[in-house]
Amino acid sequence: MGKTDGFLLYQREEESLRSPSERIKDYGEFHIPLDPKDRKLQAGRCMNCGVPFCQSAIRIKGKVTGCPLHSLIPEWNDEIWHGNLEHALSRLTKKNPFPEFTGRVCPALCEKACTCGVEDEPVTIHENEFYIIESAFAAGMMKPHIPAMRSGKKVAVIGSGPAGLSAADRLNQRGHSVTVYEREHAPGGLMMYGIPNMKLDKKVITRRIDLMKAEGISFVCGVDVGKDISSEEILKQYDAIVLACGAKQARTLPQTEGCGQVFPAVTFLTEATRSVLDPEHQPAISAGGKHVIIVGGGDTGNDCVATCIRQHAASVTQLEMMPSPPRERRRDNPWPEWPDVQKTDYGQQEAIAVFGSDPRIYRSTIHSLITDKEGNLAAAEVEQGSFIDRKWVTDEGSIRKLPCELLIIAAGFTGCESYVPEAFSIELGPRHTVKTEPGSYRTSVPGVFTAGDMHRGQSLVVWAIEEGRECAREVDQALMGYTNLD
């Protein structure tokens, strides 16, 4: 604890942002970092609690609070205060192999459990993490760690999202020869194509992939395992296989089926990202000049709002089935529970700046779609209602018509795509995720493991990283008969 009374002396100070009217002109990241001197003061607010809830990852009322990676937060906050960047980096990366990812896209479960947040504002843990890793890259500290010895074992990782990369990183550091297969033309999985560039610059992913390649990990892109290469061939070549293909089966709405201008959010965001990566790419989907409705109020829905604005949509409306959360924390939602409060994220901020109002309509969903004479989507009937005994009940007289020429469904995912598990003759569970032994990452096929959303269902990047780490430990145990991975 570098500054024993820091939490009393210093107020929480967050990074500033480029203004919404300015940042919508491009796809660049929009956070403006604090000066290192100010960052030191923010780290000095950490109290080094006797019980650091920030790294606990405890589940309360069905929601997790605290870091799933059990990041050593008080330790690296202390090192920031003392100006020891090298030590801060060491403590940060001991638990988190990719802080440049979580420092950008994680919703900061750690901060929701910070003890300072009981009566005051939590420590800026999320931004402190970002500061350490980006300062380390800038200072040339991020060198390849090449294993001194190789085990002679070969592992294939199918999928290069956060879970696959995390498993590959750990297994490689253990000395196993790792090859990562990715069906897209570039590694990164959903982080590369499903998260907009302004939220996670693709150069950040490429920078990490280059480092992993220098450490000895091989990447085979543009190859779809189960289609372009058989499971039999993979099983023959490798001693162990990790399936980390994500949960990409998008949820649909029956009342929207059969219309050509309805797309899953991930499809829309992928096309937008391809255009950012390749300016000559002509996207198959564009919001330009169209009235857009987005179904879904989560992070992905917000990303779609921001992307539509950058594509110069005529209007953007976001439908959220749940009621609006309270603006302030309720008494029955105390710390360290996950705070159920309304937030206005970057996409909504931009919509307010462009259109003059919040794009969200709460307690609402699509009732039906209306097409023109040519069969093109022209409008949507939107209904409002509520869940009663877990069943959606429409409010009488609530249906209204809104202009809609593009409908984006950001209502989550129902599980993993089935063709890869089928190729390996692996059974899926009731949640349409890969079935494993209880408390394990092993599938029913010897030598085949699974991790990430494919294993646990749709979740956060930070959980995928933790799944990859834990899966790697189990793979190492199976290959070597023991493991020294913590």
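From the backbone N, Cα and C atoms, a Cβ is placed for every residue, glycine too.
Just so you know, TrEMBL annotations never went through curation; they're auto-generated.
For 24-139, the entry in TrEMBL reads domain 'Dihydroprymidine dehydrogenase'. TrEMBL lists 153-325 with the feature domain 'FAD/NAD(P)-binding'. Residues annotated as region 'Disordered' in TrEMBL: 321-342.
In terms of DSSP helix, strand and coil, the domain 'Dihydroprymidine dehydrogenase' (24-139) has 58 helix, 8 strand, 50 coil.
Only residues 6 or more beyond the boundaries of the region 'Disordered' (321-342), in the same chain, are considered here, and those with a CB under 8 A from a CB of the stretch are 53, 58, 60-61, 63-66, 109, 112-113, 117-118, 297, 360, 362-365, 386-387, 392. According to DSSP, the secondary structure content of the region 'Disordered' (321-342) in residues is 0 helix, 0 strand, 22 coil.
Summarising model confidence by region, the domain 'FAD/NAD(P)-binding' (153-325) averages a pLDDT of 97.
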